[in-house]
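S.K.: Sharing a structure here in structure tokens format.
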Amino acid sequence: MQICAAILIVAFGKFIQVACSGELEQHTERRGVIYSPSWPRNYPPAVNCSWYIQGDRGDMITISFKNFDLEESQKCAVDWLMIGPSSKREEYKVCGSSIPPSFISARDHVWIFFHSDASSSGQSQGFRLSYIRGKIGQAACQSDEFHCANGKCIPSTWKCNSMDECGDNSDERNCTVPPTEPPSSICPSGTFQCSVARSTKCLMNELRCNSVKDCSDGSDEDNCPDLSCGKRLGNFYGSFASPDLFRADHSKSDLRCTWYVDTQDNRHVLLQLDLQLGYNDYVKVYDGIEERGDKLLQTFSFHNNRHPVSVESSKGQLTVSYHARSKSTGHGFNATYQVKGYCLPWEHPCGSDEECFTDKQHCDGWWHCPNGKDEENCPACQKNEYPCEGNSGLCYSILDRCNNQKNCPDGNFHCGTNLCIFETWRCDGQEDCQDGSDEHNCLVIVPRKVITAALIGSLVCGLLLVIALGCAFKLYSLRTREYRYIKTSWFYDSLIADYLCDKVLLLMQKGETFAWYRKLRSIRGRGVIFEVIACMKNGEEL
């Protein structure tokens, strides 16, 4: 059993580690990247993760965030990220969707703790941070780094990012301020502008999509979603919205609406919601065409109003139920749905797989398509080249992609050692990075290699069990045979002893002393001798 336990521990040791089970993940590289669990997908609820960055003696560790989206709560009581020890006295604990300020350590090490509560909605993407360690007062930096006025080295991409990573603000000096875009509308909040040329007319949002043309060109009635209070939808894609999207249409009674989506297709349905819920309003999404508690996929509240949320059904059907309290100040939601693998009219297919990409995802430096089709034919790059992430203006060829040579200043490098791997290699159950960082903080999914190891371990345990049982039966057989032999030998020794005892006593009665002595010496077997002597004593007493 101990051998079997050891095999299972070896087989599932990596599975436990990648699940952020509380084990400290240590980083000793000079530069590195740390992701939240399941990045770039939303992080799951009820997760605790910890990282430890160790530098050399006298090093200072600087952390800068590239992406940050944690569920917001009062005093960050639900989900939070904590870093320490800080050079400042106040605690560094952050949440929300705003990029936090850069972190500069007070010592040559840094610990990072991430916590998501069991009550977390699971609709936040998480974070991606990069770090660099080194000493102040260095004479020079590497070619892709910026030399701070205090002699500190930071990545060049950190310069002029409105964050003070140098510590003396020298990385934010002499920065060209990007031109500000003219305001898209002259109308104040809560109103909209008619799209007719040179129009300065501002209308209240309540006048949109009310079946009355309030703008001279009728633009207030263009692109209106279906505002019916519940409906049955059967197309491969579509959109719908709650009746109170543009106006707070809440009477003295509550508003209850239900939409049923049935695409008549076995493929999954992807649903995206833009929420403007009131304090006590909620939206429930069910798997299938019925409102059953065991089919509930997700419940959304006003906590999810910050950014779009997504839900995926297990088949081509789902149910959306909306409940708004009376006198609610919310404006419900706007929803779009589509069959998975079916690209919307404004999307582009990746190819033979079921992935699609939008114009916004085109040439952003991240391969949303496994074949990289969304990063082809970019204006900043030559033919057969792909752009680096981060709007750096740099490009690389397909031969340079993931060849363990760093060509991009940031992005496309997911290993803690700054080496590159394919995005599809992350969380696939195989450690492709030298430090294994591509398999850190993944969802709880048992990879195939672990399943294979577990099966082999089970077979070995079964074989050992058969061998052990065979040995036990063999030992039992030998013990039984020996017991029978001993019992039989004792029986025959007793018979012989009784016979000899009678002979010796008869000789002693006749006075033939030497004769019985010779007879006693001829006896073989110590057990028989003892039996004869005992018998002789009893005979003398009689």
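Glycine too: its Cβ is placed from the backbone N, Cα and C atoms.
Features from TrEMBL:
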DISULFID  CYS141-CYS153  disulfide bond
DISULFID  CYS148-CYS166  disulfide bond
DISULFID  CYS160-CYS175  disulfide bond
DISULFID  CYS209-CYS224  disulfide bond
DISULFID  CYS363-CYS378  disulfide bond
DISULFID  CYS408-CYS420  disulfide bond
DISULFID  CYS415-CYS433  disulfide bond
DISULFID  CYS427-CYS442  disulfide bond
DOMAIN    20-134  domain 'CUB'
DOMAIN    229-340  domain 'CUB'
SIGNAL    1-21  signal peptide
TRANSMEM  450-476  transmembrane segment
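Structural setting of the listed features?
M.R.: Sequence-distant neighbours of CYS141 (disulfide bond): residues of the same chain at least 6 apart with a C-beta under 8 Å from its C-beta are HIS147, CYS153.
A 10 Å cutoff on Cβ-Cβ distances gives CYS166 (disulfide bond) a total of 25 other Cβ atoms nearby, all chains included.
For CYS160 (disulfide bond), the same-chain residues that are 6 or more apart in sequence and have a Cβ closer than 8 Å to its Cβ are ASP171, GLU172, CYS175, THR176.
Other Cβ atoms within 10 Å of the Cβ of CYS224 (disulfide bond) number 15 in total over all chains.
Mean pLDDT across the domain 'CUB' (229-340) comes to 87 in this model.
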S.K.: Among the disulfide-bonded residues CYS153, CYS175, CYS209, CYS363, CYS378, which residue has the largest number of other Cβ atoms within 10 Å of its own Cβ?
M.R.: CYS153
S.K.: Based on DSSP, tally up the residues of the domain 'CUB' (229-340) by helix, strand and coil.
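M.R.: Across the domain 'CUB' (229-340), DSSP assigns the residues as follows: 6 helix, 55 strand, 51 coil.
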S.K.: Measuring Cα to Cα, tell me the gap between CYS224 (disulfide bond) and CYS148 (disulfide bond) in whole angstrom.
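M.R.: Each residue's Cα considered, CYS224 (disulfide bond) and CYS148 (disulfide bond) end up 53 Å apart.
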S.K.: Can you figure out which of CYS209, CYS363, CYS378 (the disulfide-bonded residues) comes closest in space to CYS166 (disulfide bond), comparing Cα atoms?
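M.R.: Given the candidates CYS209, CYS363, CYS378, the nearest one is CYS363.
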S.K.: Sorted by position, what residues of the same chain at least six away from CYS148 (disulfide bond) have a C-beta under 8 A from it?
M.R.: ILE154, CYS166, GLY167, ASP168, SER170, ASP171
